[in-house]
């Protein structure tokens, strides 16, 4: 898709920036609202995966805010912001691992109906955000990290739905904990991928771009061009001309 996308995107960077900014504002509002919904619902249902998803919504809202702050800045600052976001995604994964250990020790199953209803609402919200940001998935590290956050959220919501069904069918907390483990793996792998991409861009942005002046090549004008009176096609500084052939003299 690279070439085709560039035909419609690269020619109008200002328009793309405006569209991306609007998408980020919508994503910020949606994620902040869903954070509150999932905190209340997760506490009410006693679901570790819902609470983990709520923290993920909060982290994404903060990430979208960072993206909005650095959107008009240069590649260096955008890459630094992506580095921070990648690290936050990895930290979120480690936090989920801790919640899994706590839930395994407690062994109390969550309330599956509330879990499932909130997971459906969260899936609709994240699917809409991911659809808006789909066009920017191959952008710079900052845009890519935003897309990865939205994609992982939608996948996580499907997993929470499956966990709710598993808890409903088994009466055990393990489906909830297994889904939380999957979400932790997604956060860790995506966070490390964003960090790698951001570090590559930081290295590129920190290398000074020195351009050596081009040395114009000497151009030799052929005899046929002189005798016919036509101009040579090359542009630039002309080199030494060839002497006319004796037969061309009158």
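Glycine is no exception: its Cβ is also placed from the backbone N, Cα and C atoms.
Which of 89-108, 209-228 counts as transmembrane segment depends on TrEMBL, and there it is 89-108.
Most Cβ pairs within less than 8 Å of the transmembrane segment (177-195), among stretches 23-41, 89-108, 114-134, 154-171, belong to 89-108.
Annotation: stretch 154-171 has the most Cβ pairs under 8 Å to the transmembrane segment (114-134), among 61-77, 89-108, 154-171. Nonlocal intrachain contacts for the transmembrane segment (154-171), taken as residues 6+ away from its ends with a CB within less than 8 angstroms of a stretch CB, comprise 47, 49-50, 53, 56, 109-110, 112-113, 115-116, 119-120, 122-123, 126-127, 130, 178-179, 182-183, 186.
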